[in-house]
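Beneath this line is the structure, given in structure tokens, with notes to follow.
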Amino acid sequence: MNFLSAVLTILSSFLITFLLMPSLIKYFRAKKEGQQIRKEGPTWHAKKAGTPTMGGLLFIFSAVVTILWVAAWQGLITNTLWALLFVLVVYGLIGMWDDSIKIFHHQNEGFKPWQKALCQVLAAMVFTVIYQHEGFQMGFGTTQIGWLYGLFIIFWIVGFSNAVNLTDGLDGLVSGLSIISFAAYLIIALVNLNQPGYPEIALFCLAMIGTLLGFFPYNHKPAKIFMGDMGSLAIGASLAAVSLLLHHEWSLLVIGIVYVCETASVILQVASFKTTGKRIFKMTPIHHHFEMSGWSEWKIDIVFWLVGLVAAIIAVTTILLVG
């Protein structure tokens with residue numbers, strides 16, 4: 001992995017997504033198929049009904065194509081790369097299935113929660129098996145704990161795929177946060193590029209940054225297209241996989257602090273309502289609470305991006321200093 005291949009990776013994934021996205025938007029508009037809006041959501045979100053979704057279809061395609069040709073050129077086609085591509089594509093397909101039900105059946109809910117959870121768990125199990133023979137290390141230690149860590153991997157990937165999915169409720173929020181998150185892991189990988197598997201991880205992060213940069217102009221407010229579950233599930237699972245393969249699992253709790261807070265707000269809201277009959281927030285995930293408090297989408301986006309950026313800087317700096 002050198003400077004030229006890094007630049008071409010970002011440029012390739014960016015251009016494929018940026019140049020082809022208008023055609024995908026035009027296709028979905030012609031089909032009159034778009035996002036269905038939750039009835040219990042903010043009333044002003046109703047105007048977003050019909051906005052094309054499944055933008056993840058193109059930015060995942062762009063990332064995969066770019067990763068494969070650069071990896072073939074640089075001799076980086078390894079098990080590490082296949083593991084990352086597996087997570088990206090399979091979780092994307094799970095989301096695509098869910099999005100298709102919503103779009104073509106004109107409903108906001110996709111397939112049943114247990115069906116989605118089962119697919120996510122099975123995919124995470126396959127990822128675990130792929131790397132089982134190499135052994136695992138905890139992010140802040142060297143103790144190998146076998147099957148117990150395997151369960152942790154499944155929980156980590158499924159958990160963060162859903163956390164990013166919950167966060168994807170405002171125009172541009174997740175695409176902006178994800179660029180920051182992948183950039184943080186790119187820096188960690190580049191600093192340790194001599195470590196086995198790190199060049200492949202760097203390539204993966206570069207491609208994801210490029211493709212999301214190409215997607216962002218069409219996704220920020222007012223969004224011309226949403227990434228859909230296809231995009232958000234794939235991004236969340238991929239970030240979890242990257243953190244695992246870098247052996248800095250716990251760093252995702254900091255780098256992905258916004259995803260964690262969004263998920264925690266939902267859990268706390270449900271727990272509070274079930275036990276006391278009272279709600280802690282006006283609406284969850286928490287970005288809706290701020291909407292209901294009078295914040296504009298742009299204000300929420302910018303504040304959340306800044307929180308994500310500061311958290312990423314803290315996490316990366318700590319890892320580089322402490323190791």
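Glycine is no exception: its Cβ is also placed from the backbone N, Cα and C atoms.
Quick look at what Swiss-Prot lists:
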TRANSMEM  5-25  transmembrane segment
TRANSMEM  57-77  transmembrane segment
TRANSMEM  81-101  transmembrane segment
TRANSMEM  118-138  transmembrane segment
TRANSMEM  140-160  transmembrane segment
TRANSMEM  173-193  transmembrane segment
TRANSMEM  196-216  transmembrane segment
TRANSMEM  225-247  transmembrane segment
TRANSMEM  302-322  transmembrane segment
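The stretch from 57-77, 81-101, 225-247, 302-322 with the most CB pairs below 8 A to the transmembrane segment (173-193) is 302-322. Across 57-77, 81-101, 302-322, the stretch most heavily in contact with the transmembrane segment (225-247), judged by Cβ pairs under 8 Å, is 81-101. Under 8 Å from some Cβ of the transmembrane segment (57-77) lie the Cβ atoms of residues 1-2, 5, 8-9, 12-13, 16-17, 20-21, 24, 85, 88-89, 92, 96, 199-200, 203-204, 207-208, 210-212, 214-215, 227-228, 230-231, 234, all in the same chain and six or more residues away from its ends.
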